[in-house]
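Note sheet for the following structure.
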Amino acid sequence: MDKAIYPGTFDPITRGHEDLVRRASGLFREVVVAVAASSGKKPFFTQEERVAMVRQVLTDYPNVKVMPFSGLLMEFAQQQQARVIVRGLRAVSDFEYEFQMAGMNRTLYPDVETLFLTPSEQYMFISATIVREIALFGGNIEKFVHPLISTQLGMKIASKDKSSR
């Protein structure tokens, strides 16, 4: 297959995200990891920080490109001339939301398909929200994220702690 987009906020990128990128990179000639500006959420890291972290973590994948985006995903997909959106499903609750989004996206742009991938078993329970929560309470997150991310998350928490004093 040709080109796919794997969108997300990646706040931060987790081992589960990495797993899906690894698998998608084996299916497609090119995978664009699209780091969303995140209109609905207040991200912990800025979009620029998230793009930089994702690039650092995914350096071993020559057919993976990391790009920021804002606005409609389907418009970004058309700009990138991608025909597939890759989405991860961890649980039934993910499926319901993703199924609705895939249907809406197909209505907007019928030429773009959505491909659902489930993470490998050891990553099914990982979410960026849970990883941040564990880190905020001083827990060890090294099993869930790349060492670079663990370090950067620790530094970000420390800087937020200093600024809130």
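In case you wondered, yes, glycine gets a Cβ from its N, Cα and C as well.
Record features (Swiss-Prot):
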type	residues	note
BINDING	Thr9, Lys41, Leu73, Arg87	substrate binding site
BINDING	Thr9, Phe10, His17, Gly88, Leu89, Arg90, Glu98, Tyr123, Met124, Phe125, Ile126, Ser127, Ala128, Thr129	ATP binding site
SITE	His17	site 'Transition state stabilizer'
Report summary line: Met124 (ATP binding site) and Arg87 (substrate binding site), compared by Cα position, are separated in whole Å by 13
Report task. Please give the greatest C-alpha separation between any two of the substrate-binding residues Thr9, Lys41, Leu73, Arg87, in angstrom, as a whole number. Result -> 18
Report task. Using Leu89 (ATP binding site) as the reference point, find which of the binding-site residues Thr9, Lys41, Leu73 has the shortest Cα-to-Cα distance to it. Result -> Thr9
Query raised in the report: How long is the line from the C-alpha of His17 (ATP binding site) to the C-alpha of Leu73 (substrate binding site), rounded to the nearest angstrom?
Result: 18
Report task. Whole-number Å only: compute the distance from the Cα of Lys41 (substrate binding site) to the Cα of Ile126 (ATP binding site). Result -> 19
Report summary line: For the binding-site residues listed (Leu73, Arg87, Leu89, Met124), most other Cβ atoms within 10 Å of the Cβ sits at Arg87
Requested in this report: Taking Cα atoms as reference points, rank the binding-site residues Thr9, Leu73, Arg87 by distance from Ala128 (ATP binding site) and give the first.
Outcome: Thr9
Query raised in the report: In sequence order, which same-chain residues at least six apart have a C-beta under 8 angstroms from Thr9 (substrate binding site)?
Result: Val35, Ala36, Ser38, Lys41, Pro43, Arg50, Ala128
Report summary line: Least crowded of the binding-site residues Ile126, Ala128, counting other Cβ atoms within 10 Å of each Cβ, is Ile126
Requested in this report: Reduce the DSSP letter at Ile126 (ATP binding site) to three states and note it down.
Outcome: coil
Query raised in the report: Quick one: what's DSSP say for Arg87 (substrate binding site), helix, strand or coil?
Result: strand
Query raised in the report: What's the CA-CA gap between Arg87 (substrate binding site) and Ile126 (ATP binding site) in angstrom, rounded?
Result: 15
Query raised in the report: How big is the gap, in Å, between the Cα of Leu73 (substrate binding site) and that of Glu98 (ATP binding site), rounded to a whole number?
Result: 13
